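As written in Swiss-Prot, here are the features:
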- 86-97: disulfide bond (DISULFID)
- 108-125: disulfide bond (DISULFID)
- 1-29: signal peptide (SIGNAL)
């Protein structure tokens, strides 16, 4: 009788330990890695984009040092994406697309959560400052040539 109780008690403990192990395993399986969370955010950005081509992760800054391992708390991210040759309407995953030669580059910053269920992210992407400055300068030069070009040509003809 005593051995039956001990055996039954051991069986219950084993069952509880097994259940606890399953719960912990499923909880840890739901947490994404930092890189996986960023890739998911890039996919969401591509879905919401109105641009012609997909963007793909080019470079990911290292994750910040944080003591908090809670996957529901937003983590700061910083990364760069580059335009690919794949049209946005294609069903091909961006990670399988080649980068477009001279494709547009964007710097992205924001937050992601590592919770696999959630898909929570807040990301803003923009062209790097130097590229924007060069484009702006190019537009100003083109505008100046358009506006003052004929006058400059007349002066050159008169002087020459």
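Glycine residues also receive a Cβ, built from the backbone N, Cα and C atoms like all the rest.
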Same-chain residues at least 6 apart in sequence whose Cβ lies under 8 Å from residue 108 (disulfide bond): 45, 77, 78, 79, 80, 81, 123, 124, 125, 126
Fewest Cβ neighbours within 10 Å, where candidates are the disulfide-bonded residues 86, 125: 125
Helix, strand or coil at residue 97 (disulfide bond) [DSSP, three-state]: coil
Residue 97 (disulfide bond), number of other Cβ atoms within 10 Å: 18
